[in-house]
Amino acid sequence: MLKKAISKLVEGKNLSESEIIEALDCIMEGKATPAQIGSFITALRIKGETIEEITGCAKVMRAKADKICPNVDYYIDTCGTGGDGTNTFNISTATAFVAAAGGVYVAKHGNRSVSSKSGSADVLEALGVNIDLDPVQVKECIEKVGIGFIYAPVFHKSMKHAAGPRKELGIRTIFNILGPLTNPSNAKGQVLGVFNPNLTELMANVLLNLGIERAMVIHGMDGMDEITTTTSTKVSEVRNNEVITYELFPENYGIALASPEDLTGGNAEENAQIIRRIFNGEKGPKRDIVVLNSAAALYVGKVVSSIEEGIGLAEEVIDSGKALQKLDEFVEFTNSFISYNEMSG
């Protein structure tokens, strides 16, 4: 089946959803050779991935992942594609804590760094979080603390078959955009940052196909996979079963324009310190960008009805110390599992 799919892609023809499901299933089951995997993902990239193809791949990855079903009504993910090359600190990770402290349940999906100095898993470890939890423990985190971290390699074990060819190719492939689409908790709300402005509508339509209720797919026009504060941001919003695309300007919300240098991060330890300083009340451009992105998460999380209202709540959550409290609570709760895990071997 994979040979047939490769020859079709090489001719520049699109695959149907069922064809790509069959092809990716073959890869995830370990039935494809490294050469076939490399050819398949390269040919797909050259042709350009369609909404149907990305939807099909996301369905396969979701089906093969270890699932969690938190016993809460509605929860969101704040996970970007990464790979934007802007070397900012971990904005979406900071945002997850502000959203959780503001009353949104968060199932944060993430991994170690791919392109930056610090991925969400790296900075969470530097903050003191125990990320090595099984699905039952992550579910408990979401239900009891309001936030859980879904560490991708633990939940997506069948991805290991594609890891070698991906690494050896060293180019962006469909797997770079599948990560944020394959949250094993099947979150119904999402703030999803992408590295390319052409991806916002594409990804929003895929999320719609996957049954999302509300989402903002965002690309800062400075290249950031976040809502930026240096210029405008392209947003494709999923709401009421449709996709609406617009530009978001930070100055319209009373946020001062920053320079890219104002938002630079460092390694995991440095980024952890930046997040703690913001949560301890430090003002400035780094706090501003966390507030703006948190406003989007609170809006997608349905606890506020507009970005303006979200900004007010995000500021209140940080200023009152609730965001810091939520971070400390999460650190403590995730570490309470360590002794149990060690005892159970």
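Here the Cβ of each residue, glycine as well, is placed from N, Cα and C on the backbone.
Following the DSSP three-state reduction, the secondary structure of GLY80 (anthranilate 1 binding site) is coil. The number of other Cβ atoms within 10 Å of the Cβ belonging to GLY80 (anthranilate 1 binding site), over all protein chains shown, comes to 23. The feature anthranilate 1 binding site is assigned by Swiss-Prot to GLY80, ASN111.
The feature 5-phospho-alpha-D-ribose 1-diphosphate binding site is assigned by Swiss-Prot to GLY80, 83-84, THR88, 90-93, 108-116, SER120.
If you look up Swiss-Prot, you'll see SER92, GLU226 marked as Mg(2+) 1 binding site, on the strength of sequence analysis. Under the three-state DSSP scheme, SER92 (5-phospho-alpha-D-ribose 1-diphosphate binding site) falls in the helix class. Taking Cβ-Cβ distances under 8 Å and a sequence gap of 6 or more within the same chain, the neighbours of SER92 (5-phospho-alpha-D-ribose 1-diphosphate binding site) are THR78, CYS79, GLY80, SER120, VAL191, GLY193, GLU226, ASN293.
Among the features that Swiss-Prot reports, anthranilate 2 binding site is placed at ARG166, with the record citing sequence analysis. In the three-state DSSP reading, ARG166 (anthranilate 2 binding site) counts as helix.
As annotated by Swiss-Prot, Mg(2+) 2 binding site applies to ASP225, GLU226, with the evidence given as sequence analysis. Under DSSP, ASP225 (Mg(2+) 2 binding site) is assigned to coil, being neither helix nor strand in the three-state scheme.
Here the binding-site residues are HIS109, ARG112, ARG166, and the one with the most other Cβ atoms within 10 Å of its Cβ is HIS109.
Counted over every protein chain shown, other Cβ atoms within 10 Å are most numerous around THR88 among the binding-site residues THR88, ASN111. Around ASP225 (Mg(2+) 2 binding site), the C-beta neighbours below 8 angstroms that are at least 6 residues distant in the chain are GLY80, THR81, GLY82, GLY83, ASP84, GLY193, VAL194, PHE195, ILE218, HIS219.
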